[in-house]
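J.: Before I ask anything, let me first share the structure, which is written out below as structure tokens.
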Amino acid sequence: MRLRRKPEAKEFVRQHPRVINDPKQLRGQWRTFLQTDRPLHVELGTGKGRFLSTICAAKPNIHWIGVERVEEVLMQALKKADEQDCSNLHFLWMDIAELDEVFDRGEVARFYLHFSDPWPKKRHAKRRLTHRDFLAQYQKILGPKGELLLKTDHRSLYEFTLEELAVCGYTVLEQSEDLHRSPYSEGNIMTEYEEKFVAKGMPIYYLLARPPVEFPEEVLEKRRKRKTWQIDTGQEQADHETNRNDDVSDPLTDRD
């Protein structure tokens, strides 16, 4: 997928009041800066912003933050957010790889991964947002009581994620291979992609996991020789790409 560039996007994002500039300076001071004791929930990759703009009004007892690297995507999410009068919603214009430079341990109560790019090729495995390198980063920030929530249409990414979570000591609290036919669908807020997939009768894979108290650092040194380093690149990936064929990118760089 190639994103349509919009020259006005950078300035729009830079000047928008919901965007927090220089977030690295707030590491360890988020509650003071936001002047709230509400838990902080963070969506990694905002898409067009429907999830955040909806849930900020539905759950005002939580402070919501959307993280997005691509300014054209973030501009769409910000415009969507402006439709709501929510004081509990902000955005960060940054790369997810720098999260641990922005948030200190225990500052985030939950991360959301909604329909992230599966990066199916073997050489791209480390870009998957549930690769062990990212799981190590989430663990540092979430603390032992935090949670990681995943929704995806991509079965192979879901299976890869379950394997990585197990290796990294995460505890899976909830899981379903068909979210909308499970008890976990109650109160679920659909993203733009999710609505597309459900309309076509596709299952949504879902899980909620908790990080370990201590991350097993030795797993970061191991390179496992197993098939799932390369996940499905056949019909499943073709369907995934077809259903995502719009102008919304993923939070990591779209490079070969």
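Using N, Cα and C of the backbone, Cβ positions are placed for all residues, glycine too.
Sharing the record's features from TrEMBL:
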- Glu43, Glu68, Asp95, Asp117: S-adenosyl-L-methionine binding site (BINDING)
- Lys121, Asp153, Thr191, Glu192, Tyr193, Glu194: substrate binding site (BINDING)
- 224-256: region 'Disordered' (REGION)
- 237-256: compositional bias 'Basic and acidic residues' (COMPBIAS)
J.: Among the binding-site residues listed here, Glu68, Asp153, Glu192, Glu194, whose Cβ has the fewest other Cβ atoms inside 10 Å?
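T.: Each of the binding-site residues Glu68, Asp153, Glu192, Glu194 was scored by Cβ atoms within 10 Å; lowest is Glu192.
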J.: Could you check which of the binding-site residues Lys121, Asp153, Glu192 is the closest Cα neighbour of Glu68 (S-adenosyl-L-methionine binding site)?
T.: Glu192
J.: Based on Cα distances to Asp153 (substrate binding site), point out the closest of the binding-site residues Glu43, Asp95, Asp117.
T.: Asp117
J.: Any idea of the Cα spread of the substrate site, Lys121, Asp153, Thr191, Glu192, Tyr193, Glu194, as a max distance in Å?
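T.: Across Lys121, Asp153, Thr191, Glu192, Tyr193, Glu194, the two farthest Cα atoms sit 25 Å apart.
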J.: Between C-alpha atoms, which of these binding-site residues comes nearest to Glu43 (S-adenosyl-L-methionine binding site): Lys121, Thr191, Glu194?
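T.: Among Lys121, Thr191, Glu194, Thr191.
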J.: Work out the three-state DSSP category of Tyr193 (substrate binding site).
T.: helix
J.: Looking only at C-alpha atoms, tell me how far Tyr193 (substrate binding site) is from Asp117 (S-adenosyl-L-methionine binding site), rounded to the nearest Å.
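T.: Approximately 12 Å lies between the Cα of Tyr193 (substrate binding site) and that of Asp117 (S-adenosyl-L-methionine binding site).
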